[in-house]
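According to Swiss-Prot, the feature [4Fe-4S] cluster binding site maps to 110, 214, 342, an assignment based on similarity to another entry. Residues annotated as phosphoserine in Swiss-Prot, with similarity to another entry given as evidence: 418. Per Swiss-Prot, region 'Disordered' is recorded for 1-24, 392-414.
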């Protein structure tokens, strides 16, 4: 499913609006002209892409044509880059646009790089593989962003059989995943509800069941196990950190293996508390604003600056797209670093740095704004978060009405982030309305 960041007016009598359900796939498809949907040459060209990956080529072509875009940029995680040249060929063949691939690393939805795209003269950015996490200004009308989630179809029957062989009937299970597999996750949850107490938790503004490496929900005490659908451990570790007492399992849809997973919570927490303790004696602080796409939050940076100024602590600012120990070692006068980029960089790799490398939350603990939390909070993008050291803290979570900014989705360029969740009113919000948390 894709989400276009551009305001769209609802059809007369439509049920679009807060709490009114979603636009059906059929209606969305009907908005694409039949000469695109039924074009035999386009259908043949799309066969060059894997059939179980939904790159939404017809919709992308239609949106490019609607926007009358002349220069289009494609941004995608490295796992999808092998399909980039094929997509470029298709889009250039069936539109009048010049299409380029942005090759800088894309770790997640926080890395959507509209700044670089617009600096290159791009008027339409297609971001693949992530949901609409970062809100952008809607006032500039010469730039559009289309999010293509790249829904991946897998062998759902094997997933269901694996769960049934592993867990006794009546068990209380929580199911989570990344955006690519959320549709499959919901289908699996519906199938399993006859035999298990199944929940699909939600950490707003994410979709039900969706987790990020830095943002995961706290699970109710009655949950006996959490099952993550996806490859790798990065996202899974997020929900494990947030729920240290819940046994975690991972179903890899590629290897078709359901495995029990473990995490050394004691070691992680001891390492992070040691870094915080060292920071409390620091004389000079360094504040890093991540510049990889929209990874850095100016709002959090401003909060940290305000706190350090109030305490009379000197600090330096550093802008970095990627943070390496060798780079920070060039500034030996800094005693402690706080990176406003990716919390997992500190959690996973902080011990590799010569000086303490704190997350904004850990900086708040070091400055005694908050006590150490148990469990460790994974709420960096959560709407309901602990404090101003998180991205969406204090923002109005209420839904926007029709015709108000960010209905549809143009996320555009101002350096701050808009005062409401990213997904209100766009087709990503339609997805969330269709996938109720349970």
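Glycine is no exception: its Cβ is also placed from the backbone N, Cα and C atoms.
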Inset, instruction - Just jot down the residues in the same chain as residue 342 ([4Fe-4S] cluster binding site), at least 6 apart in sequence, with C-beta under 8 A of its C-beta; none if empty. - result: 107, 110, 213, 214, 290, 295
Legend entry - Surrounding CB atoms that lie within 10 Å of the CB of residue 110 ([4Fe-4S] cluster binding site), all protein chains: 24
Legend entry - Shell of the [4Fe-4S] cluster site beyond 110, 214, 342, same chain only (C-beta within 8 angstroms of their C-beta centre): 107, 108, 212, 213, 295, 341, 343, 344, 380, 381
Legend entry - Cβ-Cβ neighbours of residue 214 ([4Fe-4S] cluster binding site) (radius 10 Å): 24
